[in-house]
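Copied over from TrEMBL:
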DOMAIN    5-177  domain 'Glucose-6-phosphate dehydrogenase NAD-binding'
BINDING   Arg42, Lys138  NADP(+) binding site
BINDING   His168, Lys172, Glu206, Asp225, Lys328, Lys333  substrate binding site
DOMAIN    180-479  domain 'Glucose-6-phosphate dehydrogenase C-terminal'
ACT_SITE  His230  active site, proton acceptor
Amino acid sequence: MAALVLFGGGGDLAIRMLLPSLYFLEHDGLLPDGLKIIAAARSEESREAYLARVKDSVIKRADGHWSDESFARVAERIDYVAVDATSAEGLSALKEKLGDDRELTYFLAVSPSLYGPIVRALKAAGLTGPQARIVLEKPVGRDLESFRQIDAEVAHAFDERQVFRIDHYLGKETVQNLIALRFGNTIFEPLWNNLSIDHVQITVGETVGVGDRWPYYDEYGALRDMLQNHMLQLLCLVAMEPPSDLDPDSVRNEKVKVLRSLRPISAANVRDVTVRGQYVGGHGPDGPVKGYEEERGAPSDIDTYVALRADIDNWRWAGVPFYMRTGKRLPEKRTEIVIQFKPVPHSIFDQRGDVVANRMVIELQPEEDISLTVMNKRPGLDQRMQLQPIRMSLSWGVDGKGAKPPRRRIAYERLLLDAMAGDSTLFVRADEAEKAWEWVDGVSEAWAEAEYRPHIYRPGTWGPDAGDRLLARDGRTWNTNDG
Ligand SMILES: NC(=O)C1=CN([C@@H]2O[C@H](COP(=O)(O)OP(=O)(O)OC[C@H]3O[C@@H](n4cnc5c(N)ncnc54)[C@H](OP(=O)(O)O)[C@@H]3O)[C@@H](O)[C@H]2O)C=CC1
Ligand SMILES: O=C1O[C@H](COP(=O)(O)O)[C@@H](O)[C@H](O)[C@H]1O
C-alpha cells in the first residue's frame, strides 16, 4: 500500500497548502486508491483536533468547491501522529502506523536544518528502501556549501531518482503553459532571441510582510528565499533551448546550461547591477504596518527586496538583460514575466511615438494569463492613420465561446501527484540547485565585500528608488501594466 507522510504536518505550509491540495485531488478523484496520508509533527494533537484544523483551512480555500462527501473521503485517509522525526526512536509511532507499507513518499515540510537529521533517522529506523521517495521543500540549504552537506546526507539514504526538490512555482499552471507556448507553437521560436527581444523582466511582488516568519527569513532574505529558486527557475524556462523531449533529464539538462551561462556578479559591479532593500513602517492597504526591524525586534541587514540585472552569456541571449525584482510589502501581489520586444527599426507613421514595441506578458498572479500587445489601427476616418496598442489575451475561455475557466489549482496539487508517481520533470535536480546557489553566493559575497547595506523603502511602494534606477541606467522602465 502507498502512504504519504507529511513531516511538519501541523505547520503553516502543510495546513495552508498541502492538505487543501490533497482535498482537491480527492474531490477530483485523482488520489491513488488506498493512499494513506499521515501527518507527523512533535506536538501532541488528537486526530479529531487535527482534522478540524484541516477542515477550517480547506473551507477557506474551497471557494465554491466544498463538498462534505469529498472532505469525508479525504479525512478517512488522514491520520496524525506525534513524533520527533530527528531520531529513530522518535519515529517508532510512525513506523507502527506504516506497518508493511513500502510505497512511501515523505514530504519534508519542516525547517531545512532538519532535513539531514530526519533522513538519518528514517534510515536508522529502516524506513527507507528502493520504493521510498523524499520531497524536500525549498530552500535546500542557505548557500552552496550547506546545500552540498544536506545533499550528501540525503544521498546516504536515497538515490537521486528518489529525491524530489520542490519548487512550487514549477507547479503553477502558467509556468507549464510557458513550456506549451514556447515549444507547442512555431511562431514564437524565430523571435525568441537577441535579434527580436530587447529585454526580459521578472517581477514577484508581495503585499505581505515577513511577520512571524522572521527567524527563518532573517537568515535568508529575498535573495535566498525567492530569487535563488522560484525566480531563477522562471528565468531558466524563458531562456532554455528546446529540449529534445519532456523527459525530466532533457528539460533539466537545458535549465542547467542556462544557469551555467549566467554572468557572475562581483564586488566591482554589484552596486550597478543589483539593488537591496528593506521595508520600514508606514501605511499598508489595511492600515499601519510595522517595519521589518520592528517585526524582528532588532536591527537587521537582511534584504526584504532585491532587484538585479542578470546577463546570460550565450549566443541566443547575448546583450539581452533579464531584470528581476521581488519584495515584501509592495503595492500588489503580482507575479509576471515580461518579454519586451524591440521597437520597429523604422516607423512609417507620422509620429514615431505612435508605435509601441510589442510586449508579451506572462502573468502568474493575481490572474493566470499570457497576453501579447500588438499595434493596430484605431477605427475612424482620420487623415493621419492613428495607431493603438491592443492587448490580445490567451486566457482560458477567452476564445469567444465563453467557456468557464477551470478551477485555479494550487501548485502543490500537480507536484504532489507527480512526486507520488515518481515523475521528476517539474522538480529541481541537484546540479541545477548547485549552479543556482553558486551564482547567488557570488551575489551575496559581492554584497558583503562591497559592504552594500539595503536601501530602505516605504510599504506600498515598488521598493527603493534604486530599483527604478537599475533600469533607467539602461534607458528602460519596469512594466506598470497600465497600457
Ligand atoms: N509556509 C510557506 O508558505 C512556505 C514554506 N516553505 C518551506 O516549507 C518548510 C516548512 O515551512 P512552514 O510550514 O512555514 O514552517 P512551520 O514552522 O509552520 O512548520 C514546521 C513544522 O515542523 C514541525 N516540526 C518541527 N520540528 C520537528 C521534529 N523534530 N519532528 C517532527 N516535526 C517537527 C512543526 O511542528 P511541531 O513544533 O509540533 O513539531 C511544524 O509542524 C520550510 O522549509 C519552508 O522554507 C516553502 C514555501 C512556502
Ligand atoms: O516560497 C515562498 O513563496 C511565497 C510566495 O509564493 P506565491 O506562490 O504566493 O507567490 C513567499 O511568500 C515565501 O516568502 C517564500 O518562502
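Every residue gets a Cβ built from N, Cα and C, even glycine.
Whatever TrEMBL says is automated annotation, not expert-curated.
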Neighbourhood of ligand 1 - binding-site residues from Arg42, Asp225, Lys328, Lys333 with Cβ under 6 Å: Arg42
Among His168, Lys172, Lys333 [binding-site residues], residue with fewest other Cβ within 10 Å: Lys333
Rounded inter-Cα distance in Å - Lys138 (NADP(+) binding site), Asp225 (substrate binding site): 8
Average model confidence [pLDDT] within the domain 'Glucose-6-phosphate dehydrogenase NAD-binding' (5-177): 95
Span of His168, Lys172, Glu206, Asp225, Lys328, Lys333 around substrate - largest C-alpha separation, Å: 20
Neighbouring C-beta atoms (10 Å sphere around the C-beta of Lys328 (substrate binding site)): 25
Sparsest-packed of the listed recorded positions (Arg42, Lys138, His230) - C-beta count within 10 angstroms: Arg42
Annotated binding-site residues Arg42, Lys172, Asp225, Lys328, Lys333, filtered by Cβ under 6 Å to ligand 2: Asp225
Secondary structure of Glu206 (substrate binding site) (DSSP, helix/strand/coil): coil
Long-range Cβ environment of Glu206 (substrate binding site), under 8 Å and at least 6 residues apart: Thr326, Gly327, Lys328, Arg329, Leu330, Lys333
Of the binding-site residues listed as Arg42, His168, Lys172, the one whose CA lies nearest the CA of His230 (active site, proton acceptor): His168
Cα-to-Cα gap, His168 (substrate binding site) vs Arg42 (NADP(+) binding site), nearest whole Å: 25
Chain-internal residues, separated by at least six, CB under 8 A from Asp225 (substrate binding site): Pro139, Tyr217
